[in-house]
Amino acid sequence: MENGAVNQQIPVDTTSATITIKGILSLLLQNVDENDNKRLISLGMGDPTAYSCFHTTQVAQEAVVDAIQSDKFNGYAPTVGLPQTRRAIAEYLSRDLPYKLTSDDVFVTSGCTQAIDVALAMLTRPGANILLPRPGFPIYELCSAFRHLEVRHFDLLQENAWEVDLDAVEALADHNTVAMVILNPGNPCGNVYSYQHLEKIAETAKKLRILVIADEVYGHLAFGDKPFVPMGVFGSTVPVLTLGSLSKRWIVPGWRLGWFVTSDPCGMFRKPKVVERIKKYFDILGGPATFIQVCISFACFELLKHHNTCFLDHCHYLILDHATCSFCPQKNYFLKLFQDWYNEKKFQVQTV
């Protein structure tokens, strides 16, 4: 009875909403026989650093070393991120938009996962629901469950290159719907949405009076016929929360630097009460290390862009030119069903 809570139990949600890819992967690895000589292929995590052929540039590595050796960035950063980091991200994202973002639109997060949690936390209220894609990224279900935010799923249409079923979105939404989530480029389907489809998504969201949360962590990792178009292009039609990170494009997931960006030229997110609420929430969060933040400059983004072009060319050669798929991915991860591997057992037989 030291704290008066001996007989109290913390409720545990055992539904599928609390299951994550990391959790499943951990359970599987616990049951791997270390004495088994069979080759293990991990299909659970998109971490390119596990393979020696994928690495970031020397420029990025030297920027981190210089930041540490300067002895200037060992202290706390502002909770919303260093001003120069926010400005660099705003300039980088603005290159693909018909308007300019400012540093005030950018909030630096500890990876994209934290950006997801911030977005859902900001939208949660009693009775609220959110529309999530199926298939999608399980972290959204997990964060929603912890926030007591009702999840409603809309399907992605395989026969239409995994486009959003917008009729289903309209049928699912009601006056308690706060937002819909899109992942573009897609995870796990590897699709890239066209300008025309994104425009239809924006028009649908406007009609329903809901926000669009655009998870663009794989932004610009596209090598198909469709170029990557950020959802923020349609920010004048509907308010967009853009989520992203360095993890995938720059091959540094362990650096844990992401962003939560209000792509909203009409200014809905600039209302004093909204800005104050976002800033206060960031006051209780822990962001990326200060020395990681400071090495992200606009020049660094430019140099890494050149590296990324070479990286995509290499992936194009290795994957698209040599692998026969029934659906070839339009981004660099997540192969979709080789023609001769029609189920998991066949895949296992062919790869072990």
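Backbone N, Cα and C atoms are what each Cβ position is placed from, and that goes for glycine too.
Bear in mind that TrEMBL entries carry predicted annotations, made automatically and left uncurated.
Residues or ranges marked as domain 'Aminotransferase class I/classII large' by TrEMBL: 40-279.
Here TrEMBL flags K248 as N6-(pyridoxal phosphate)lysine. Packing around K248 (N6-(pyridoxal phosphate)lysine) is summarised by its Cβ count: 23 other Cβ atoms lie within 10 angstroms of its Cβ, all protein chains included.
Mean pLDDT across the domain 'Aminotransferase class I/classII large' (40-279) comes to 92 in this model.
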